[in-house]
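All remarks here apply to the structure that follows.
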Ligand SMILES: NC(=O)N[C@@H](CC(=O)O)C(=O)O
């Protein structure tokens, strides 16, 4: 396979069409190239395509080890490449839990072997996600996987003392605690957003305050100990406001929104189709609008997918018995185009910031999230915003099929993804 790609007539971050030359893993030219000066170069006509830096996901569930029926590192990273991602952070809620150097190194090594995108394991904050004792944070940070993001995602670190200790501990290696903000007592048995509709449907409600109370507390804790805090999957208008106020006070807090919370609302629960069951739950139209506004003004720093594959037996059942979670990697960029770019809330430079630069910064990943400029690692995605496609779950690279967008028409398509100059996706297909 060629190691030299001349991408003609491409719009870098939505700018005027130009050329982009990738060779031996790095960007060697941005601007009109008359003679690439090498014989083995492969030319790609990118007329109409936008070039973005390779996307970085701070929140992916790859399920390996333990639930290889739902996803593997191999299949999940193929889905990531198809979505335009060159790096993903793999959440720790595997079986066994990624709470030791051994498990995070295993996940990191599987990612290297698969080679579709770089995998950065997230380490658990507490042993077994049990919320009782801190896991070996230092050993995971010092391991070959170089863990910098720690999260009990799927569960909240609800004990304030443990959360404080974790925030203090990760400062030693410039780590960050990514909190799944869900007050457990306020959400016992909760199934969907708490409101008039949950009452009508007879599904136990999940109040916004269960998320907001934990975010408020953690912002105060992070301020108190002078540490970095990241808030996973912000889903309510109140949460956006709390993060906004904390940032204004100078708290070192970052936050993510998931594509599904930018487009879907709790009204979908009326179908009783568990494809729409997710943690945190789909909220109201007003929450969706607040998330979009927060993402536009930078209160919400990043879009993270929370790609959560589940096999059909865990989803094709009664609502209350079904698992929480939905696929996200292959549709994230299209949802962001639909909800943020097309309505004029974000330009392509803004998308690069929210889906590449900022997540790489938060995760302390040096080789990703770099502007497309000469000398940078050639992590690049070519995206066609002009086409529309109907989502067909059977076309997914994931082992699971639980996309809430099945049958929906979405804009845009990833045409090519380059990881260090090597295509992982070309002409819209996995290489
Ligand atoms: N986000 C989800 O709905 N699901 C996540 C974890 C979680 O429950 O948060 C999963 O691992 O399936």
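Placement of Cβ uses the backbone N, Cα and C atoms for every residue, glycine included.
Because TrEMBL annotations are produced automatically, they should be read as predictions rather than curated entries.
Annotated features in TrEMBL:
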type	residues	note
ACT_SITE	306	active site
BINDING	59, 61, 153, 306	Zn(2+) 1 binding site
BINDING	61, 62, 63, 93, 279, 310, 324, 325	substrate binding site
BINDING	153, 180, 233	Zn(2+) 2 binding site
DOMAIN	50-237	domain 'Dihydroorotase catalytic'
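A map of TrEMBL features onto the structure.
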residue	record	CB count, 10 Å
59	Zn(2+) 1 binding site	28
61	Zn(2+) 1 binding site	28
63	substrate binding site	28
93	substrate binding site	21
153	Zn(2+) 1 binding site	25
180	Zn(2+) 2 binding site	25
233	Zn(2+) 2 binding site	24
306	active site	30
310	substrate binding site	26
324	substrate binding site	17
For residue 153 (Zn(2+) 1 binding site) and residue 180 (Zn(2+) 2 binding site), determine the Cα separation and express it in whole Å. 5
Compare the Cα of residue 62 (substrate binding site) against each of the recorded positions 180, 233, 306 and report the nearest. 306
Maximal Cα-Cα distance (Å) across residues annotated as binding substrate, namely 61, 62, 63, 93, 279, 310, 324, 325: 17
Where ligand 1 binds, which of the recorded positions 59, 63, 233, 279, 306, 324 are close by, with Cβ under 6 Å? 279, 306, 324
List, in sequence order, those recorded positions among 93, 233, 279, 306, 325 whose Cα sits within 10 Å of the Cα of residue 59 (Zn(2+) 1 binding site). 233, 306
Whole-number mean of pLDDT values that fall within the domain 'Dihydroorotase catalytic' (50-237): 98
In the structure shown, which of the binding-site residues 62, 279, 325 has the fewest Cβ neighbours within 10 Å? 279
Using the recorded Zn(2+) 2 site (153, 180, 233) as reference, state which further residues of the same chain have their Cβ within 8 Å of the centre of those residues' Cβ atoms, listed in sequence order. 59, 151, 154, 178, 179, 181, 182, 232, 279, 280, 306
Looking only at the recorded positions 233, 279, 306, 310, 325, residue 61 (Zn(2+) 1 binding site) has its closest CA neighbour at 306
Taking the Cα atoms as reference points, how far is residue 310 (substrate binding site) from residue 180 (Zn(2+) 2 binding site) in Å? 19
Whole-Å Cα distance, residue 306 (active site) to residue 180 (Zn(2+) 2 binding site), is 11
What are the other residues, in sequence order, whose C-beta lies within 8 angstroms of the center of the C-beta atoms of 59, 61, 153, 306 at the Zn(2+) 1 site? 60, 91, 154, 232, 233, 304, 305, 307, 308
